[in-house]
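So that you can see what the record holds, here are the features copied from Swiss-Prot:
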- 1-233: region 'Small GTPase-like' (REGION)
- 16, 17, 18, 19, 20, 21, 148, 149, 150, 179, 180: GTP binding site (BINDING)
């Protein structure tokens, strides 16, 4: 295969939420048989057809960087992890739909990846909000993915989906909820597959085709993160 242009997408979230299983499913179209904890960072690649079905269609490599660890790690660990955050073109934020804490921690993960000094714990502002204006120069596309959808009891699903909708609004990102052990959640033509393709197209456009900075939506165009949506039971 001829050499392809590539983009770098971080896959962030707490340990145990299913990032490795998700990346394996996205890149190999197979269920990961024996997932293990990621130490440091693991990278896998998938081929994506940008603007598929149009005259502008072009194949790109999508590098998916599965970053291990936790947001509560010591500063030395965060500093080491910061090397993975260089030259990022997109971020997939992954949380466990059965674990509200993993959803709350996505705010800290995003700040760690996007802050220049990699010390997000120092930029919490009043009323429990994170100030997006501190990242005004960033225009990194985000995608929110909730895992273990199959493990949510039927009588709890509406509450969980309401919570993820607030998350999606906070991050100004589309959301996908799935079960990483079931490839049908990402079947071709499904709404999830369309959202995923749209996200990768956006990442590629920002990296290769956007030249006018005024067209790049910054964090100042979006409202602040609001923890109320996550702390309410």
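Any Cβ shown, glycine's included, is placed from N, Cα and C.
Taking the features listed in Swiss-Prot, we show where each one sits on the structure.
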{"residue": "16", "record": "GTP binding site", "Cβ contacts under 8 Å, 6 or more apart": "96, 102"}
{"residue": "18", "record": "GTP binding site", "Cβ contacts under 8 Å, 6 or more apart": "35, 94, 96, 147, 148, 180"}
{"residue": "20", "record": "GTP binding site", "Cβ contacts under 8 Å, 6 or more apart": "32, 35, 36, 38, 42, 66"}
{"residue": "150", "record": "GTP binding site", "Cβ contacts under 8 Å, 6 or more apart": "179, 181, 182"}
Site with most surrounding Cβ atoms, counting all protein chains shown within 10 Å, from the binding-site residues 148, 180: 180
